Amino acid sequence: MDRTLIQEILEVVEQAAIASAKLTGCGLKNEADAAAVEAMRDRMGKINMRGRIVIGEGERDEAPMLYIGEEVGSGTGPGVDFAVDPCEGTNLCANSQRGSMAVLAASETGGLFNAPDFYMKKLAAPPAAKGKVDINKSATENINILSECLGIAVSDLVIVVMDRARHKDLIAEIRATGARVQPISDGDVQAAIACGFAGTGTHCLMGIGAAPEGVISAAALRALGGHFQGQLVYDPAVAQTKEWEGLTREGNLARLAEMGISDPDKVYEANELASGENVVFAGSGITDGLLFGGVKFESDCVRTSSLVISTLDNSARFTDTVHIKPGAQSIALR
């Protein structure tokens with residue numbers, strides 16, 4: 001994977017973000033997602049690569065495009081595996097709320113964990129706490145470790161948690177330590193990545209979210225040197241989601257076994273979820289967020305704000321791109 005390919009991967013998320021942003025605030029989350037999917041696949045098709053979707057919009061019979069196993073690209077060139085979420089935070093986009101973005105992770109063939117469409121317990125933390133916090137420790141223990149590693153008082157730590165009923169006890173425990181809780185309604189990828197940067201005001205992500213997004217978060221944090229661990233959740237009593245109504249713990253365990261997962265309780269480290277030699281994360285804002293701005297439509301141009309993180313050169317590049325419309329008369333700087 002070279003720098004030219006990485007630039008094209010950036011353009012993939014930019015085009016997905018622009019397509020989805022045209023429906024920001026319209027209350028049409030499914031349409032916004034579909035627009036992003038189509039734009040992402042179209043741009044991928046123009047890249048000289050043998051691409052494969054390992055995490056996408058669902059199984060082949062569930063999604064018309066970017067389904068798991070779909071081949072993308074020209075069919076020649078380097079082999080690249082992708083984990084994609086063309087519109088992360090569809091509800092956020094539909095309601096013009098902060099934090100929606102187009103994201104993906106990429107690596108050479110075989111470099112990304114093919115996460116099942118399950119839930120995942122996650123722990124993300126800054127590089128200073130890597131290998132010191134642990135997903136098997138209590139929230140209280142991890143918060144005290146974070147405080148010591150970062151040199152920040154417990155009362156000044158901000159812990160991001162998805163605002164879900166299943167996290168009632170977790171939130172209560174965090175607050176009992178004196179740390180602050182920042183609940184989010186959707187989209188935990190950006191919060192996880194924010195843990196990898198100092199000065200974002202986000203010190204840790206805890207709790208249960210979607211497993212596929214966990215792989216994308218792991219790819220970014222691995223490249224940043226941050227901490228990420230994930231553990232699959234298969235018990236409906238733990239997940240506490242309407243999506244799993246009627247499912248059983250035993251049935252989910254059987255599904256995991258069919259997928260080749262022999263140890264359903266395994267704790268995955270970042271370098272297991274994103275194990276490739278060359279791992280790239282790319283994200284482009286649909287709406288304004290913690291790390292970058294959303295798409296801005298001007299009379300003569302469209303502006304995108306994006307982030308690319310790569311293990312190729314251990315870099316994180318924030319990119320502000322002006323997409324000039326044909327016949328443009330003037331281009332706004334800001």
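Positions of Cβ are set from backbone N, Cα and C atoms, glycine also.
Now, the feature entries from Swiss-Prot:
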BINDING   ASP33, GLU57  Mn(2+) 1 binding site
BINDING   ASP85, GLU88, GLU213  Mn(2+) 2 binding site
BINDING   GLU88, GLY89, THR90, TYR119, ARG164, ALA165, ARG166, ASP186, GLY187, ASP188  substrate binding site
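Here the features listed in Swiss-Prot are placed on the structure.
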residue: ASP33; record: Mn(2+) 1 binding site; Cβ neighbours (10 Å): 21
residue: GLU57; record: Mn(2+) 1 binding site; Cβ neighbours (10 Å): 23
residue: ASP85; record: Mn(2+) 2 binding site; Cβ neighbours (10 Å): 30
residue: GLU88; record: Mn(2+) 2 binding site; Cβ neighbours (10 Å): 28
residue: THR90; record: substrate binding site; Cβ neighbours (10 Å): 24
residue: ARG164; record: substrate binding site; Cβ neighbours (10 Å): 18
residue: ARG166; record: substrate binding site; Cβ neighbours (10 Å): 16
residue: GLY187; record: substrate binding site; Cβ neighbours (10 Å): 29
residue: GLU213; record: Mn(2+) 2 binding site; Cβ neighbours (10 Å): 23
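Using ASP85 (Mn(2+) 2 binding site) as the reference Cα, a 10 A cut-off selects ASP33, GLU57 from the binding-site residues ASP33, GLU57, ARG164, ARG166.
For the recorded site, GLU57 (Mn(2+) 1 binding site), the DSSP three-state label reads coil. A coil conformation is recorded for GLY187 (substrate binding site) in the three-state DSSP classification, outside any helix or strand. For GLY187 (substrate binding site), the nearest of the binding-site residues ASP33, GLU57, GLU88, GLU213 in terms of C-alpha separation is GLU88. Secondary structure from DSSP puts ARG166 (substrate binding site) in a helix. For ASP33 (Mn(2+) 1 binding site) paired with THR90 (substrate binding site), the C-alpha to C-alpha distance reads 6 Å. In the three-state DSSP scheme, GLU88 (Mn(2+) 2 binding site) falls into the strand class. Mapped onto three states, the DSSP output places GLU213 (Mn(2+) 2 binding site) in helix. Counting only the Cα atoms, the space from ARG164 (substrate binding site) to GLU213 (Mn(2+) 2 binding site) is about 17 angstrom. Recorded residues GLU57 (Mn(2+) 1 binding site) and GLU88 (Mn(2+) 2 binding site) have their alpha carbons 11 Å apart, per Cα-Cα distance.
It is 21 Å from the Cα atom of GLU88 (Mn(2+) 2 binding site) to that of ARG166 (substrate binding site).
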